[in-house]
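Student: Could you have a look at this structure, given as structure tokens, before my questions?
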Amino acid sequence: MIAAGTGSAPMVVTALMLVVIATLLIGARGVAIRSTSDFLVASRRLSPTVNAAAVSGEYLSAASFLGVAGLVVKDGIGALWYPVGFTAGYVLMLALVAAPMRRTGALTVPDFAQARLGSPGLRRLCAVAVIAIAVLYLVPQFKAAGLLLNLVGGTPYWVGVVVAGAAVSITLALGGMRAATYVQAFQFALKMVLFTVPAIWLLVHVGAETRSSALTPVEFTTFAQETPVEFRLDTRLTITEPTTVAVDGQPPQVLAPGDYTARTGSTWRFAAGSDVPDVAGAVAPGGESWTRPLLDPSGAGFPLLATLSVLVATVLGTMGLPHIVVRFHTSADGWGARRTAAITVAMLSAFYLFPAVYGLLGAALLPELFLTGGTDTVVVALPSRVDTGWAGQLVTAMLTAGAFAAFLATSLGLLLALSGAVSHDLMSTAAPVRRLRFTTLAAALVVVALALPAAHLDISVLVTSAFAVAASTFCPLLVLGLWWSGLTARGAAAGMVVGLLASAGVIVVGLLASPPPGLVSVLLGQPALWSVPLAFATMVLVSLRGTAPAWAPAAMLRLHLDERRARNRSS
Amino acid sequence: MTRQRRVVVTSPQTRVALARRRLGHTALPPHLAPGDLERARRIHREQLRWALVAVALLCAVIVGIPLLLAAFPGLDDVRVFGVPLSWLAVGVLPYPLLIALSRWQLRRAERIERAP
């Protein structure tokens with residue numbers, strides 16, 4: 001594959017610096033807000049539109065910016081169901097969660113558990129789930145950052161991950177994202193521009209022939225021209241025809257049919273007209289199953305089941321994401337929170353029309369990426385493939401800056417949610433600022449350590465695992481807690497434990513055991529389809545065996561009263 | 001510029017919980033005035049009913065489209081402006097539907113809340 005090239009490095013570095021400086025400058029405006037009460041009062045003045053931009057800004061992570069297009073190249077058109085699920089989650093949030101959740105006054109789900117059910121034990125259990133979700137969501141963000149720096153700067157993957165960890169830690173040490181709502185709203189506008197403008201440029205620039213070949217894909221079976229393929233991971237290739245290959249600049253040799261291993265970092269230059277080798281667990285772009293609009297990862301053979309499982313996880317999981325729940329608290333009241341959710345649906349819809357552009361053009365122009373385990377790089381690799389001049393370099397710089405902004409915004413929000421859960425909910429006393437900051441740095445270290453061996457995992461797939469855990473634990477807790485007064489603390493705890501084991505536990509088992517493609521691998525890899533109903537059933541059945549306290553109906557019902565009317569009456 | 005002391009900002013619920021833990025007593029159980037209670041019951045029932053309708057419509061969109069695409073593979077060969085219809089059904093069609101559904105649900109929920 002073609003690296004973005006060292007020629008664009010100065011421009012990329014400049015773009016990255018601009019993103020970071022703009023973020024810090026807008027954050028500095030927040031210095032005017034000085035005390036806790038200022039902070040709380042300021043939040044009341046923000047319109048639902050600004051809030052929705054902030055929600056979208058924090059939500060659009062590296063998985064949306066890079067991962068979805070990468071999965072389109074790897075798995076096909078069906079991967080476009082991921083962004084549908086990412087967006088539809090907010091419709092559910094709007095219908096079931098936003099307004100009553102805002103009225104609990106709870107900033108996090110552990111807060112909510114204690115406020116609604118009055119159980120400190122449940123609060124700690126929720127904190128454990130927050131940690132599981134945040135770690136599963138953070139690891140792919142750091143993977144994306146490592147990959148980006150690897151692609152642009154040519155540094156090894158691990159250096160990229162460590163540099164990304166350092167960048168996050170420094171931003172946190174400088175005071176995190178002050179005036180976070182404005183910063184996140186700015187981040188949304190930034191990502192929107194840095195994603196859509198390059199997409200339109202690419203569409204115009206590739207020409208009519210490439211546009212039509214992107215829409216009528218042919219299975220990638222032979223190299224049309226001499227193609228260098230740079231392997232990002234050790235990859236086992238099966239060659240079926242004698243193939244002429246030049247490895248790492250050595251003179252070309254003819255490889256006999258058989259199995260070969262391409263080492264990490266090596267470049268194989270395939271001769272024009274030679275056959276594309278097979279890679280275990282990957283399908284070549286453009287084939288029969290690739291063009292079907294259903295998800296069938298690595299040809300497991302259960303497209304409908306896999307598609308629905310991803311949709312269940314993403315749609316039901318959105319409401320339980322720790323960095324998003326906090327964002328809804330910035331709305332003045334339940335009315336504002338509901339409007340925020342509705343506007344967020346429209347904003348995300350606009351953004352998610354574009355990953356398909358990168359995915360389809362990537363499959364047409366850079367199909368060899370599927371061999372390398374580096375499909376997540378397709379967004380950033382495309383401009384230099386289309387234009388080797390300054391325009392291509394500029395667009396590469398824009399996309400790199402946007403992807404890094406996506407990584408930064410989501411990671412900071414998640415790290416703060418994660419360290420908040422550790423220091424507020426798991427440890428028992430009020431946390432001083434110093435300890436909160438120490439916890440955040442420790443969490444960043446742990447995530448960097450976990451991201452190092454995660455180079456071969458797909459960003460969007462791992463993020464969807466985080467959604468699956470949120471859907472199996474917090475979705476039943478929130479939905480039942482907000483709408484059913486019969487929920488007991490014991491029932492909630494039992495359902496949470498079952499949901500946590502059935503989602504996080506099963507995903508870890510699936511990663512370690514790596515079962516062969518088939519029904520089992522689909523059910524282990526994306527367990528939401530069965531783990532969410534299981535968690536709901538456990539919560540309801542265990543609650544029915546006990547009795548909720550006498551104050552439970554009042555605690556639940558008051559969440560559905562409009563606070564404006566209540567204020568008017570009392571004044 | 002004078003340097004301000006940095007403080008931890010916690011939610012009201014967290015502060016209540018922490019104070020409760022330190023002082024070792026429990027807060028008053030939540031209660032509603034009798035008039036509010038009746039009204040809250042009615043609003044809760046209405047909101048729940050329409051929220052479930054919205055969830056059902058959402059299911060119709062995001063479960064219905066994959067089912068249709070699985071049942072009618074022929075949609076892959078129908079092209080609109082050169083793009084396969086089945087691709088548009090994943091990449092474009094869901095979004096206007098989701099926006100329309102959320103607008104509808106928002107209106108509905110606000111009207112229920114405003115009712116006397």
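Including glycine, each Cβ sits where the backbone N, Cα and C put it.
This is the feature table in TrEMBL:
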TRANSMEM  A:12-32  transmembrane segment
TRANSMEM  A:52-73  transmembrane segment
TRANSMEM  A:79-101  transmembrane segment
TRANSMEM  A:122-142  transmembrane segment
TRANSMEM  A:157-176  transmembrane segment
TRANSMEM  A:188-208  transmembrane segment
TRANSMEM  A:300-321  transmembrane segment
TRANSMEM  A:342-366  transmembrane segment
TRANSMEM  A:394-418  transmembrane segment
TRANSMEM  A:438-455  transmembrane segment
TRANSMEM  A:491-514  transmembrane segment
TRANSMEM  A:534-559  transmembrane segment
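Are these features on the surface or tucked inside, and what are their neighbours?
Tutor: Remote same-chain residues near the transmembrane segment (A:122-142) are listed as 61-63, 67, 108-114, 161, 164-165, 320-323, 407, 410-411, 414-415, 417-418, 421-422, 425-426, 446-448, 450-451, 454, 457-460, 462-463, 465-466, 469-470, 473-474, 477, 489, 492-493, 496-497, 500, 504, 507 (criterion: CB distance under 8 Å, separation of at least six residues from the stretch ends).
Here the transmembrane segment (A:188-208) has Cβ contacts under 8 Å with residues 19, 22, 53-54, 56-57, 60, 65, 214, 347, 350-351, 354, 357-358, 361, 365, 382-383, 386-387, 391, 395, 398-399, 401-402, 405-406 of the same chain, all six or more residues outside its ends.
When Cβ-Cβ distances below 8 Å are used as the criterion, the transmembrane segment (A:300-321) is approached by residues 59, 78, 81-82, 84-86, 88-90, 92-93, 96-97, 109, 129, 133, 137, 289, 292, 294, 464-471, 473-475, 477-479, 517-519, 521-523, 526-529, 532 of the same chain, each at least six residues removed from its ends.
Same-chain residues lying 6 or more positions outside the transmembrane segment (A:342-366) and placing a CB less than 8 Å from one of its CB atoms are 1-2, 48-49, 51-53, 55-56, 59-60, 64, 68-73, 79-80, 83-84, 86-87, 90-91, 94, 188, 191-192, 195-196, 199, 202-203, 206, 210, 213-215, 217, 285-286, 290, 375, 378-379, 381-382, 385-386.
Beyond the ends of the transmembrane segment (A:438-455), by six or more residues, the same chain brings 135, 138-140, 142-143, 146-147, 157-158, 161-162, 164-165, 168-169, 172-173, 232-233, 373, 415-416, 418-419, 422-423, 431, 462 to within a C-beta distance below 8 angstroms of the stretch.
Below 8 angstroms of C-beta separation, residues 113, 117, 119, 121-122, 125-126, 128-129, 132, 136, 457, 465, 468-469, 471-473, 476-477, 480-481, 521, 524-525, 527-528, 530-532, 534-536, 538-546 of the same chain, each at least six residues beyond the ends of the transmembrane segment (A:491-514), sit close to that stretch.
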Student: Going along the chain, which residues at least six beyond the ends of the transmembrane segment (A:534-559) come within the CB cut-off of under 8 Å?
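Tutor: Residues 100-101, 103-104, 116, 118, 334, 472-473, 475-477, 480-488, 490-492, 494-496, 498-499, 502 contact the transmembrane segment (A:534-559) from elsewhere in the chain.
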Student: Give me the stretch from A:52-73, A:79-101, A:157-176 with the greatest number of Cβ pairs under 8 Å to the transmembrane segment (A:394-418).
Tutor: A:52-73
